[in-house]
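**Student:** This is the structure, below, for whatever I ask next.
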Amino acid sequence: MNRFTAYAALFFIFSLCSTAKEAGFQHPAFNFRGTSTMSALSGDYSAAPTPLYKSWALPSSLNLTTQPPPLLTDRSYYELVQALISKMRLDCQTVGDMTWRHLSEMLFASWNSVKEVSLKAASVTLWAIISIWFGLYWTLARLITLFLWTFSIEALCLILLGCITSLIYKGALSLSEHLPVFLFMSPLKIIWRAAFSKRNYKNEKAVEGYKGFSVPQKPPKSAVIELQHENGSHLGYANCIRLYSGENALVTAEHCLEGAFATSLKTGNRIPMSTFFPIFKSARNDISILVGPPNWEGLLSVKGAHFITADKIGKGPASFYTLEKGEWMCHSATIDGAHHQFVSVLCNTGPGYSGTGFWSSKNLLGVLKGFPLEEECNYNVMSVIPSIPGITSPNYVFESTAVKGRVFSDETVKELEREASEAVKKLARFKSLTGKNWANDYDSDEDYGLEKEAATNAPAEKTAQTNSAEKTAPSTSAEKTAPTNKPFKWASGTARQNKRQLRHPRRRYKRTTNGQNGRTDHHSYGGENQSLGDRGEDSEQGVSESPAEAQTKQTRKTWREEQAKQFTSYFDAIYKWGAQEEGCPPGFRKCGNIPGYYHPRTKGETKWGQKLCQVHPELADKTAGFGWPKAGFEAELQSLNLQAARWLQRAESATIPGAEARKRVIEKTVEAYRNCITNAPLCSLKSKLDWAGFQQDIREAVQSLELDAGVGIPYIAYGLPTHRGWVEDHKLLPVLTQLTFDRLQKMSEASFEDMSAEELVQEGLCDPIRLFVKGEPHKQSKLDEGRYRLIMSVSLVDQLVARVLFQNQNKREISLWRSVPSKPGFGLSTDTQTAEFLECLQKVSGAPSVEELCANHKEHTRPTDCSGFDWSVAYWMLEDDMEVRNRLTFNNTQLTERLRAAWLKCIGNSVLCLSDGTLLAQTVPGVQKSGSYNTSSSNSRIRVMAAYHCGADWAMAMGDDALEAPNSDLEEYKTLGFKVEVGRELEFCSHIFRNPTLAVPVNTNKMLYKLIHGYNPECGNPEVIQNYLAAVFSVLQELRHDRELVAKLHQWLVPSATTKEH
């Protein structure tokens, strides 16, 4: 019921609304024409207009009456709402019109104001400019008028001279139109270049002090060819290499290309280098890689050789080839290091050697550039081949073959690769005047009879191989590349026609790159995506690392650092520090102790030696007066007391030269050693220690270690007594590397200037130095006195630190001993070496001949020897030696000087460790440590500098032995703290020079005693017998000039029974 009532109500309401709406829309006021719509919409229903009726349509008798306007309440809700909405819209329109009218008036007024102000400002500005300009002219006119009025005659003369000069210029200009301009410009250019230009490099140099060899030998694969001028005269050399793109190419110095002809010694053919297209060319690096016209390899009869790019070049021996009288000669060279973007090479070159390649076995390393002029460096430089993916390097990663470490740092390699990438892209963008380049030509079907392959039939991609690539030739047409005056004919034949040519390397490079900084497309060669020059911190090859590789590297680094910390804690735990002043040697104090890890035993005479002396009394007479010293901490302490007392006694009477004298000697020493200028370590080229550069330095340092030498304190505690145990263990070597790096890091950061000797050890800047008696025969007088020769052995880590900081200089001195005063690199084992040394001495001393030098040596030189030299070296001498080292470092940095200063502080203020574990700290700085890496080099230089302090014009030294100028004042040595003895004969390095080819050893009897009492061949051990026989023949070689003695010794020391039974 309720539901029915609700439905009825709704139906009633709906009907009501519908009726009202229908009634409203059909009202006469809305349906007839003429109804005011605006009135209806506005709701003005009180005055609705009357509909218009035609008069003829109305009945005549009908009376019309006016209807009253309907009330609002009579309207429907729909009409009321529509009227209200219309009212609101009209009101809004009215308000908007009023607002727009007022806004327009305001904007118009503002525009007029701004326009008026702008016009006034422009007018004022223009009048200001006019006033200033007019003022300048007016002022200038007044000044000119004043000048002419005051200096009338002078002004008239200037005007006349100006007119004359103008006439002369016009006459010269008219004359130059009928004469070649170069007649005037060429002399001016020559004068300008001679006066103002400066070349940074000269193209040939013979390295002073370097002695190489030359043997007849052909280049590998005949890959070296001669470059000639157009008239046939020699110009330089070029080298044929095999690119990774498959083509053969020529590599030469960029300065050798102009007007050059590639010439074959075998075939006699000549090809102008202008027909070769450069795929890489760098004037800054002075190297060009060029590919030639078709069949150029056959015309020149060459084959492509393998090569090594800049990122893989390491130090070591090398060779280069030149033509001499129509025959190829092989010359020796040594890859020494880096010089800017070049590689420094020790070799002797001459005019016309430019462009020749340096070879390691059958691999090309680079081409000869010349040598630097601005630094007066004593070496040549080599231009290297940059790594260009797809051209000079593969698109995937190799393991480096440079076993001795790379020459260049990562930054230099990145720079070389970046320049190479830019150069290749520049060539790729190059367009000739015709709009079409030779390298853009596809293989010519008319020339070779080949059919172009459709893109759908392209061969499957092949993976590039390391040492074997498909042999190809540049894709070009003979008609486009042959010059007008052809010096040769193109080769043709079925072999040429049947071989499909690959595209030019430049086009190949464009095809394999996406134009994104040289990044290669992984679809090109089957390799990885590789960014040119994108290398990680520790990367050997300069490739981007995957996240997995980066994670692995970080894991290894974390493990290495943690292991180094553990080992450091392990070694620190063995020290027991505690100072004690009583009962210590002079200049030392006891600062602690460690467990006794060393237990040396005193040697005695062997039964073999006693037997030989009994059988051969003459041998007994020769070996009499020698014996073995005692060993152990008591002998060490006894000898240390004697030598330290003498050291301090001499130091008290010595005086330090003044600042000017030291500066003069340092500058003279630097000039004498200028041929040994070397680079700083790679690890210290930046403001902070660089791990990547350190890896290269430590690799070279480890490989130069003496593996059978002792590890020293505290590393003996680990139970591995020699270097070999640490170096050859693949788990311990990374830890050793990290320990060395951590020490260098501490040296670069610590404030060590005021530290004591034991504090340096406690802070981890250095290790104690092991002290022991050297196991060599001593004279009986020294044995009776107890003054034994002490050796101060530096620890393994300190050895590596010294090698990292100084190995470049020390090795250069050894290589160039002929041109520097220090002679650690020379020997006297052969007559040739003896003659060579005497020739060097003759040149330095100014003697007319070697014979005259040997006969009257006192007039030309003075042989001197310092007794107890190591103990006589004062700390200021070590400082001056370090100053010379820093000045001889080409690219020295503040970090390098800081590290070397820390090393000097540690070596001059050391903690000595006796065999029983007693630790003795130096209280007086100084003393050269005999087991240090720098001992031989620094002692020789300090000895030379001491001679300079005594007024010698020249000097040469080998440790404490020296030959110096006769004008040296020997009395001055006492003021320096040295005890110097003058030899009566021409003696140097324990040899007496009798004639130009004869050097007799001084310590013959000592050598014989050590030989017969240092070995026991009767034990039957093959290794002992082998070492004994090697020592015997070494002694016989030293005594080779005394034939009678050699025959006797051979009979005594090498009996037939020994050789037969064993």
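In case you wondered, yes, glycine gets a Cβ from its N, Cα and C as well.
Sharing the record's features from Swiss-Prot:
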SIGNAL    1-20  signal peptide
TRANSMEM  121-141  transmembrane segment
TRANSMEM  144-164  transmembrane segment
TRANSMEM  172-192  transmembrane segment
DOMAIN    207-399  domain 'Peptidase S39'
ACT_SITE  His255  active site, for protease activity
ACT_SITE  Asp286  active site, for protease activity
ACT_SITE  Ser354  active site, for protease activity
REGION    456-557  region 'Disordered'
COMPBIAS  463-484  compositional bias 'Polar residues'
COMPBIAS  497-511  compositional bias 'Basic residues'
COMPBIAS  541-553  compositional bias 'Polar residues'
DOMAIN    859-974  domain 'RdRp catalytic'
**Student:** Is the transmembrane segment (144-164) packed against any residues at least 6 beyond its ends, judged by a Cβ distance under 8 Å, and which are they?
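**Tutor:** Beyond its ends, the transmembrane segment (144-164) has no Cβ neighbours under 8 Å.
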**Student:** Helix, strand or coil: which one is Ser354 (active site, for protease activity) in, per DSSP?
**Tutor:** coil
**Student:** State the count of C-beta atoms found within 10 angstroms of the C-beta of His255 (active site, for protease activity), not counting that atom itself.
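**Tutor:** His255 (active site, for protease activity): 18 neighbouring Cβ atoms within 10 Å.
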**Student:** In the domain 'RdRp catalytic' (859-974), how many residues does DSSP put in helix, strand and coil?
**Tutor:** 51 helix, 24 strand, 41 coil
**Student:** Would you mind reading off the Cα separation of His255 (active site, for protease activity) from Ser354 (active site, for protease activity), to the nearest angstrom?
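**Tutor:** The Cα atom of His255 (active site, for protease activity) is 9 Å away from the Cα atom of Ser354 (active site, for protease activity).
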**Student:** Measure from the Cβ of Asp286 (active site, for protease activity) and count the other Cβ atoms within 10 Å, all protein chains considered.
**Tutor:** 24
**Student:** Three-state secondary structure of Asp286 (active site, for protease activity) from DSSP?
**Tutor:** coil
**Student:** According to DSSP, folded down to helix, strand and coil, what is His255 (active site, for protease activity)?
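**Tutor:** Its secondary structure by DSSP: helix.
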